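Feature annotations, courtesy of TrEMBL:
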type     : residues : note
DOMAIN   : 236-457  : domain 'Major facilitator superfamily (MFS) profile'
TRANSMEM : 20-40    : transmembrane segment
TRANSMEM : 60-81    : transmembrane segment
TRANSMEM : 88-109   : transmembrane segment
TRANSMEM : 115-138  : transmembrane segment
TRANSMEM : 150-175  : transmembrane segment
TRANSMEM : 181-199  : transmembrane segment
TRANSMEM : 236-260  : transmembrane segment
TRANSMEM : 272-293  : transmembrane segment
TRANSMEM : 300-321  : transmembrane segment
TRANSMEM : 327-354  : transmembrane segment
TRANSMEM : 374-398  : transmembrane segment
TRANSMEM : 418-437  : transmembrane segment
Amino acid sequence: MGEKSSSHRVHPIDRGIKAWTFLAAASATNIITYGFSSTFGVFREYYFRHAPFQGSQEVAYVGPVGLGLIQGLSPLLVYFCSKYPTKVTLLLWSGALLIAASSIGAAFATTPAQLILTLGVLYGFGGSFIFAPAIVLIDGWFVEKRTLANGIFFSASSLAPAVLSPLFSLTLYRYSPKVTLIGWAVFCAFLSLISLPFIQSRQHAQEPTILTESSTPDSDIDKKKSTAYRFWTQPLFYIVCLTTISQGLAHFLPALYIPTFATDFGASQRNASLLITYFNIVCIFAQPLYGHLVDRIGPLYPLLITTIVASVSILTIWGSAKSYPPLVAVMILFGASSGAFVVLRSSFATQIVLRNKAYSKTTSDLEKRKNESLISGILMSIRGVATIASGFVGRALVQGSEDIPLGSGYGAGKWKSFIFFTGIIMGAASLGSVGLIRPARVPERNLRGPDDEVLSS
């Protein structure tokens, strides 16, 4: 281990003003990354009914592409943050610049391709440059309260659509997309200026939390390399991956299309956009609650709740809905269940590492946390790919039933295939629980470890 300055102080894990200030700042940035992309259902509804995008189904790709890139680039960026920890600050500010620039570019878009390139691709890259370092650094600041911290972090991405969806609906119709997006770019720049300076590793900037090979004794490198990627051979890893794919394919479809379903039955544009608000308000409370629950009892029962309740609400309530109130119930139940799935990711990663027999008793907790971060990034990437795929699947399902008139049967006839697909695929995600039935033996952890000592002058 490289020699440390005796005047250097490492901040404590799971507690202290520095830890919670970091989490507050990271959560604030999630409003403009993950959070904004989750509001695109409101923009899609507006663009679909107004020139120059009127009737264009391609606009529906924008939200899934943006969210997919934010999540999908996670493993690459997790590796980058580990390999070049001193470049994390540059990555964060580059992301903020891309977000502002892409929003301004989208304000002047006149074709679906331009909108996908700006609000989808460029915004997705910018968002990922902020999102990925944040989730890596959370793992450095929090261990025992890690899932709770992730719940708080992701609740900010739910707070954003809860507040922004009705606000965007108002400004889009009262002013224009150009005014809305330029105003959003200004807000993003302001929020970045006041939050990014607080997003830093638990240790001093010159001595990042993430351990790299250059700071590791040569005698230990080969041993660590031999165990670092053994999760590829674990059945649980692939079970969790399949669960993540299934849940990701279904999760984003209701928020993207239920406003259109509501307007088909005569709901106003305002009430249609409020459905997304109801969903996200519930998520604000559900995500930290599930995070606390997972920290206490593990991910098995929370996984069953998040998938089965969501599936049943889609297949029964939405399938039989013919008016606005049942749709409100669907989005509340969906938010209270599926909306919290994302916080399980870090717990899945921990379970995979704990069940890896390749780790010996002498493997440091810091090395295990590095692998948990890598697995966590891979799961986020897989969910991102599923999110992008869900945009294409949703469009295909909707286009395939465009000529079917609204009826009185299940799913109003026109939406039957869409509802069946969403509910069944969500239910299939619950099968991942089979890999978690056998409790993992949790060894005692030295949460600070030799690399986390608090030093004083």
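Glycine is treated like the rest: Cβ placed from N, Cα and C.
With a threshold of 8 Å between CB atoms, the same-chain residues lying at least 6 positions outside the transmembrane segment (418-437) that come near it are 235-236, 239-240, 242-244, 246-247, 249-251, 253-254, 257, 298-300, 303-304, 307-308, 310-312, 314-315, 318-319, 338, 341, 351, 393-394, 397-398, 401, 410-411. In the predicted structure, the domain 'Major facilitator superfamily (MFS) profile' (236-457) carries a mean pLDDT of 84. The recorded stretches the transmembrane segment (20-40) and the transmembrane segment (300-321) do not share 3+ CB pairs below 8 A when only pairs 6 or more apart in sequence are counted, and are therefore not in contact. Sequence-distant residue pairs (6 or more apart) of the transmembrane segment (327-354) and the transmembrane segment (150-175) include at least 3 whose Cβ atoms are under 8 Å, placing the two stretches in contact. The transmembrane segment (300-321) is not in contact with the transmembrane segment (115-138), judged by fewer than 3 CB-CB distances under 8 Å for residue pairs 6 or more apart in sequence. For the transmembrane segment (150-175), the list of distant contacts is 23, 26-28, 30-36, 38-39, 41-43, 46, 134-135, 138, 183, 255, 269-270, 273-274, 276-277, 279-281, 283-285, 287-292, 335, 339-340, 342-343, 345-346: same-chain residues at least six beyond its ends, Cβ to Cβ under 8 Å. The transmembrane segment (181-199) and the transmembrane segment (115-138) are in contact, since at least 3 Cβ pairs between them lie under 8 Å (pairs 6 or more apart in sequence). Touching of the transmembrane segment (115-138) and the transmembrane segment (272-293) is ruled out by the presence of fewer than three CB pairs under 8 A, sequence neighbours closer than 6 excluded. Under 8 Å from some Cβ of the transmembrane segment (236-260) lie the Cβ atoms of residues 38, 40-42, 44-45, 48, 60, 63-64, 67, 161, 272-273, 275-276, 279, 303, 306-307, 310, 314, 318, 327, 330-331, 334, 338, 341, 345, 348, 351-352, 355, 375, 378-379, 382-387, 389-391, 393-394, 398, 418, 421-423, 425-426, 428-429, 431-432, 434-436, all in the same chain and six or more residues away from its ends.
Sequence-distant contacts of the transmembrane segment (272-293) (same chain, at least 6 residues past either end, Cβ-Cβ under 8 Å): 38-39, 41-42, 45, 147-152, 154-155, 158-163, 165-166, 168-169, 254-255, 258-260, 262-263, 302, 306, 327-328, 331-332, 334-337, 339-340, 342-344.
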